């Protein structure tokens, strides 16, 4: 037996703290895990959604392609329509850009600014992007437009989940 | 009758010291607008609390009709405002009061700042006051979404983007608030409702209690 015996007072305070700690953890753990569940929930793998756009019809000129998919927001399912700006670049490669402005999330249009007909333009704060989606320095956006991964199936364009690119 | 009832309870529980300690104390001359009219600047803290009480009461009554559900939230607000007697008044109190709290709090902060009332030994109370300020901003932010109209939705989208721009933890903060990585929807509304109605008010009560206890303990700062 060691010389430093645990006193009755110490023993009681250790056991009470331990038991109390277990009880507190037992109460708090389920609630905290409950609250942070959205952070830890694994995201469903990005599925490709069919559009009505024929790949063969794409040209050098960006066109707006609307597509609809079923969105599951917890217990609420709904059809959501999103759009993409799609064109073929000079090498014939398909580019599908998200229309969501990287400044504050408004919707950008192709060539709607008369002074810059060959750029994407956001009417909210006059943000501009070049044709490849790169933000024009000196305008509000700080990053290039997101890019949709795409697939071609039976001649139609399929789009995945838009992904952000590195800062220009 | 009431006196007898009071005496009956007081005889058993000795409640007089309780309320004496809270209510029965002298207001220093330099704080009394009856002596120096400029002392009205000392009212702003009390005005903030007064409007806060109105917010709590009107908010409690609003939840008798409001539902935090994306299909019904807007309809329930429309109904309580247009179909229920005094609905415009009760919702109006909560709507305008929300801004008024911030105005009063700001004036109160200015007074404390320019009078230097935050200095030793009252630094802790300044800190608690700043925390109250943040909680109030949080209440304003979460309450703004609840009517679930276009203005509310897009204000919240912008607000969530601001939260997301926090270094390192931004994306987690955003998901914790919105309840989903990409969607501002059903889970966002229920979360904001819970935060607005239960979590932040609970924090607020604790901070207010600390704020007031410290005032009583330290007294009002002296004249300039």
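Note: Cβ is positioned from N, Cα and C throughout, glycine not excepted.
TrEMBL labels come from automatic prediction, so no person has curated them.
Feature list (source: TrEMBL):
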{"type": "DOMAIN", "residues": "B:5-224", "note": "domain 'Cytochrome b/b6 N-terminal region profile'"}
{"type": "TRANSMEM", "residues": "B:39-67", "note": "transmembrane segment"}
{"type": "TRANSMEM", "residues": "B:96-114", "note": "transmembrane segment"}
{"type": "TRANSMEM", "residues": "B:126-146", "note": "transmembrane segment"}
{"type": "TRANSMEM", "residues": "B:193-215", "note": "transmembrane segment"}
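Distant neighbours of the transmembrane segment (B:193-215): 49, 52, 56, 59, 63, 68, 122, 124-125, 128-129, 131-132, 135-136, 138-139, 142-143, 146, 177; these residues of the same chain sit at least 6 beyond its ends, with a Cβ under 8 Å from one of its Cβ atoms. Summed and averaged per residue, pLDDT over the domain 'Cytochrome b/b6 N-terminal region profile' (B:5-224) gives 95.
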